[in-house]
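Visitor: This is the structure, below, for whatever I ask next.
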Amino acid sequence: MSNTDKTWGVTPPISTALPTPAENQATNTLLEELKAQNTFETKPETDKRHEVLADLQRIVDEFVRRIAKEKEPHNATLIREARGEVFTYGSFCLGVFGPGSDIDTLVCAPRYVTRVHYFEHFPGLLEEMAPEGAITDLTPVEDAFVPIIKFEYWGISIDLIFARIATLTQFPPHKELYLTENKYLRGLDEAELRSVNGTRVTNEILTLVPEQATFRLALRAIKLWAQRRAIYANIIGFPGGVVWAMLTARVCQLYPKAAAATIVAKFFQIIQRWPWPQPVMLKPMEDGPLNVRVWNPKIYKGDSFHLMPVITPAYPQMCATFNITHSNKAVIQRELERAGQIAEKIMTNALAWKDLFVKHTFFTKGYKYYLAVIVASKEKEAHKIWSGFVESKVRVLVSNLERHPSISIAHPFNKGFERLHRVKDQVQFDAVLDGKMAYLIKEEDEAKDDVKTEVQEDAEALLSKPENGVEAGPQSPNGKPAAAKAEEQDSKLFTTTHYIGLELAEAAGADRPGAKSLDLSYQVNEFKDLCHGWDKYKADLNFLSVQHVRNINLPEDVFEPGEVKPTRPLKKPSAPNGTKRPAPSDVWTTPAGETPATRCGRLKSTQLSCVPVRAAA
């Protein structure tokens, strides 16, 4: 059977019609728009990526060689032939990466190299063997769902995961290890299976689409649309890159001869009308050599709760969208409907492709009320770890919020806002946790501060050197220079803030009374208890606050140039009897018998006890 006549996927195609001249022209204009939107990078930039990957391969080989020496110092053959293998997955492997894209990378090693070795030795070896200054923002996250080391190599973001191949003591020559073969899955633990699954899934996707060039162009458009509409973030509970790729691949299977523009237009129609929870699958389920769990809602009850199941094609098949919440599903459906209407007009020349890629309005028009999840740390390195953990739990808070009878949708923004503050005392520290921006250090001030710190350190070094046996410079009672003591009163506070837009429920009977007032203390405290219960939480370094924010009080840095910040609406006339209408800040849910003093104490202990809101007039 020829490549054009075969059935792709689990059902016959909807149409095998060839593209019309108009559809080919629409594809050409789509390509030009994607170039204008800067989704393609230059050849030198791509060459730089390949150089970084070559460097990583060299470092991985040395890493495996050192472990071999440590394990069997007298086995010359093992040491001489010791090597690992670097694989890519995600956007780079799919061929849809662009400027600023990260490289999802997998390190595979022989059976004698463990994940413990990887996290103990590889970060230090990376800094040792890479050119000076090449490695920045190195962050190992050992207890992540997929254990990972994050860093930047010459400004290119790298996500590096690890798996050993338990059936191999010696690897074949480079480029001759094929992870698509199921035999290499034997002996792997769950984390290792998840790690190799990324590469296996990516390679499977490319073999399951009729025309790779059409698939890649369409996927670039879908990814750009999802990013602009802020519905692209697996960790927050939106589809990630691999999910958008699988959804695009499924549409390519249904229209195997269509042009890329047609695939994009059909994508929104097909996925918006998809009969969830029927799963999206690129091929039938298959058996494998392992006694491991594969996605099956008939056997595993938890799988039946997945709202928008998209199943990975590589064995063992998993649901890549297990963390999508009811709210996120509603937001995705809205965006698909909007995009479908726009795409339909684009195909009739009533609109241009640029209209599809218009930025989201999450902050400008999206919601009247928001929750701000403020993650804070006193040290930069500690903050990377703490903020990453809390980010992975934001979707848990979203799930709890959407179960509140007065909340219709709890919509998390798809990324956090990192900020740096300088505080002098506990009052200023508490103000930052309350969401105040008065002590924010701007980027230009941070650069000056770094220079100032270097100069101060040099000055302190000179002051500490004895001159003719006598220390120079004015001294404080504790023996330190007085200037240094004064500077010590200032401290930096690192924060990452995640925003959740709240859409309030309309009044709908006694069981759903609407949202004239809203008490979220239970949901917030449950979320904080979850985060504070983490075994790596340190109360003296890590802090967490959840605050209510009105749209008119959102910080300036969430808006991009040209965006209009919401303003306070015009004051409404007084009520007919002359009484003053209560302002939103006056409407609180207060427990019976609570005094203002106890209420203040309760608010201080929970950071957010209740959100003062009123139903829309």
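Glycine residues also receive a Cβ, built from the backbone N, Cα and C atoms like all the rest.
All annotation found in TrEMBL is predicted automatically rather than curated by experts.
This is the feature table in TrEMBL:
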REGION    1-21  region 'Disordered'
DOMAIN    9-209  domain 'Poly(A) polymerase nucleotidyltransferase'
BINDING   Asp102, Asp104  Mg(2+) 1 binding site
BINDING   Asp102, Asp104, Asp159  Mg(2+) 2 binding site
BINDING   Asp102, Ile103, Asp104, Asp159, Lys223, Tyr232, Gly241, Val242  ATP binding site
DOMAIN    214-358  domain 'Poly(A) polymerase central'
TRANSMEM  230-247  transmembrane segment
DOMAIN    361-567  domain 'Poly(A) polymerase RNA-binding'
REGION    461-488  region 'Disordered'
REGION    559-599  region 'Disordered'
Visitor: Would you count the other C-beta atoms found within 10 angstroms of the C-beta of Asp104 (Mg(2+) 1 binding site) for me?
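Guide: Looking across every protein chain shown, the total is 25.
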Visitor: Whose Cβ lies within 8 Å of the mean position of the Cβ atoms of Asp102, Asp104, Asp159, the Mg(2+) 2 site, other than those residues?
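Guide: Close Cβ neighbours, site residues excluded: Gly90, Phe92, Ile103, Thr105, Ser157, Ile158, Leu160.
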Visitor: In sequence order, which same-chain residues at least six apart have a C-beta under 8 angstroms from Lys223 (ATP binding site)?
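Guide: Set apart from Lys223 (ATP binding site) by at least 6 residues yet with Cβ under 8 Å, we have Ser91, Val96, Tyr232, Gly241, Trp244.
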Visitor: Measuring Cα to Cα, tell me the gap between Asp159 (Mg(2+) 2 binding site) and Val242 (ATP binding site) in whole angstrom.
Guide: 15
Visitor: My understanding is the cutoff is Cβ-Cβ under 8 Å with a sequence separation of 6 or more in the same chain; which residues meet that for Ile103 (ATP binding site)?
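Guide: Counting only residues 6 or more apart in sequence, the Cβ neighbours of Ile103 (ATP binding site) under 8 Å are Arg49, Val52, Leu53, Thr88, Gly90, Phe92, Phe97, Ile156, Ser157, Ile158, Asp159.
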Visitor: Same-chain residues six or more away whose CB lies under 8 A from the CB of Val242 (ATP binding site)?
Guide: Tyr89, Gly90, Gly198, Val201, Thr202, Ile205, Thr312, Ala320
Visitor: Ten-angstrom check, please: count other Cβ atoms within 10 Å of the Cβ of Asp102 (Mg(2+) 1 binding site), all chains counted.
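Guide: Asp102 (Mg(2+) 1 binding site) is surrounded by 16 other Cβ atoms within 10 Å.
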Visitor: Mean pLDDT, the domain 'Poly(A) polymerase central' (214-358)?
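Guide: It averages 96.
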